[in-house]
Amino acid sequence: MNFIALKMLVGNRAKYLGIIIGLTFASLLITQQAAIFLGLMTRTYSFLADTSLPDIWVVDPKIQFVDDLKPLKETESLRVRSVEGVAWAVPMYKGLLKARLPNGTFQTCNFIGLDDETLIGGPPEILQGRLADLRRSDAVIVDIVGATGKLATVLPDGRRIPLRIGDTMELNDHRAVVVGICRVQRTFQSQPVVYTTFSRATIFAPRERKLMSFILVKAKPGQDFHELCQRIRQITGLAAYTREEFITLTVQYYMKYTGIPINFGITVVLGFIVGIAIAGQTFHNFTLDNLRYFGTLKAMGASDGMLLRMIMLQATMVGCIGYGLGVGAASALGFMSGSTELSFQLPWQLLLFSAIAVTLICVASAALSMLKVIRLEPAIVFKS
Amino acid sequence: MKNKNPVAVRCKGVTKTYGTGDTQVHALSGVNLEVYAGEHMMLVGPSGSGKTTLISIIAGVLDRDGGECVVFDHDFAHMSRYEKTRYRGQNIGFVFQLFNLIPSLSAAENVAVPLLINGVRRREAIDRAREILGRVGLGNRTFSLPEELSGGQQQRVAIARAIVHNPRLIVCDEPTSALDHETGHKVMELLCQVAVGTDRVLIVVTHDARIFEFASRIAKMDDGHIISVTNTPCYVSDEKKE
Ligand SMILES: Nc1ncnc2c1ncn2[C@@H]1O[C@H](COP(=O)(O)OP(=O)(O)OP(=O)(O)O)[C@@H](O)[C@H]1O
Ligand SMILES: [Mg+2]
């Protein structure tokens, strides 16, 4: 009976395409929007993801996410260093600084100062130059997207000349020399990222009483991170998070205090509703079109179970095709947007999520049809 | 005249009422009818007299309200929904006024449906269907879709579908009324040729006086009753005068 079910489905070309289009559209909308949402969320903590060496981040107890900067006194790093179980603890500066472009305009940059001695917390990948070159005078390392984009020199004819090693730039009225180009994950604000040493950062940065943003901590081998965090909190009164905890804190902040999840959530729900409306409605109409034949099959001895299996098979078929096309289209869009500002993350969990959504749509659609067919009286076959 | 064959279908005081209250319709009000194995019984009567209702009950697609109705020693009233369905699948063939062939299936696939329902494998079912299509003169149209066939050809496919699984009872509701007279006549000829058998019953509901000659007996219905059961010759002449 299976091939009969499939032939009935494919034979009704208009409805068949209608159902598939509905499901494709729904799974595309759900997958693509959720992927962009995930991409955006990853960007909120990309700095943490990039800075993988430290085990624990010590910060002001009031900060709510990684870019919520509340500087600490520099002496705090000494106190943290003395906590039992700490292998090392180094300061890090993070702030926003204005770079003056050759054409006279300003560009805000993420400015990061690394511990002078160890240079811990540097960019994950250096494309040109060496991290140690930061020890030269006025040295900075600039990320590639910033160097070729927002920090590039724009000629009168519109051509862009990227920032290169040896170029100088003006950061908050101080001269800086580019000694390296690095690659970092894109950040939420998509600003250029500039690395330098901690002491130089404190010179470049606007004068403030406290200038240390984070204390990066490495645990001694065999130390339990959570216990160590607990100890640091007790002894210093500061907050201490493992990297994962800090990431969670950051994501939770964006989830709670920005409208981003709601916005994307609405689109995903809309995709779901549109899917049910188009695919469900068309599937139901398809079943109504065929009610006469379902009745005939019933009269000729097809059991309810048999007919339900037929409908289930039909729903599974359109579900798989629609899901495949939708997810395929979403991936294609994601692939094409790979080199643009758009964020896009498509992990297997999201594929599973949209598979479940499409399954739910199909189940809802098929359920309506099944009900119709179960209630169908075989006596209708003699009605003309 | 008493038939020597055993009784295959026995209805006694069968009643059926549609609806309730003001809109109540007594479609059958005590129908008595016996059909013998090997017979070709025709049911005739004015529109609304209850013919379709009666064969629906005999074929087990509709539940009666009262009375008795036994088909080959089986009473649908004593069967579960599933048992009824299975019994229909194995023992009853259907022919409809509008053929009811599934449009996206080829002639052979349509004919194979009752076999597939009974669990026959697809290849074997299609082979048997082709064979039967040959017997109804459509051996060369097995791959055609219903829309590519004429009305008469479609009804022949439907007849093939009704007999492919060797049912003991075949019910036809107005099998010729969607066809012109000549085609209808040919279809009836074919039906009698392939569907009538010694231990099989064929019941045909019709308005069409020109096919009465094919029947072994004719039951005339009016207003939910069988008012007469006659052998063909006299009945035909009666009916033609009306
Ligand atoms: N599902 C139904 N609901 C309500 N009334 C019905 C239903 N089916 C049939 N009837 C009524 O029952 C009576 C008998 O109907 P039936 O279809 O058996 O007549 P028939 O002899 O087959 O008529 P025709 O020759 O027009 O097909 C009619 O009055 C009809 O209106
Ligand atoms: Mg009728």
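Each Cβ is built from the backbone N, Cα and C atoms, and glycine gets one as well.
According to TrEMBL, the protein carries these features:
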type	residues	note
DOMAIN	A:17-234	domain 'MacB-like periplasmic core'
DOMAIN	A:267-378	domain 'ABC3 transporter permease C-terminal'
TRANSMEM	A:264-286	transmembrane segment
TRANSMEM	A:307-330	transmembrane segment
TRANSMEM	A:350-374	transmembrane segment
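Listed by sequence, the residues of this chain that lie at least six past the ends of the transmembrane segment (A:307-330) yet keep a Cβ under 8 A from its Cβ atoms are 1-2, 4-6, 8-9, 16, 19-32, 35, 279, 283, 286-287, 294, 297-298, 346, 351, 354-355, 358-359, 361-363, 365-366, 369-370, 373-374.
Look at the domain 'ABC3 transporter permease C-terminal' (A:267-378): DSSP puts its residues at 97 helix, 0 strand, 15 coil. The average pLDDT for the domain 'ABC3 transporter permease C-terminal' (A:267-378) in the predicted structure is 89.
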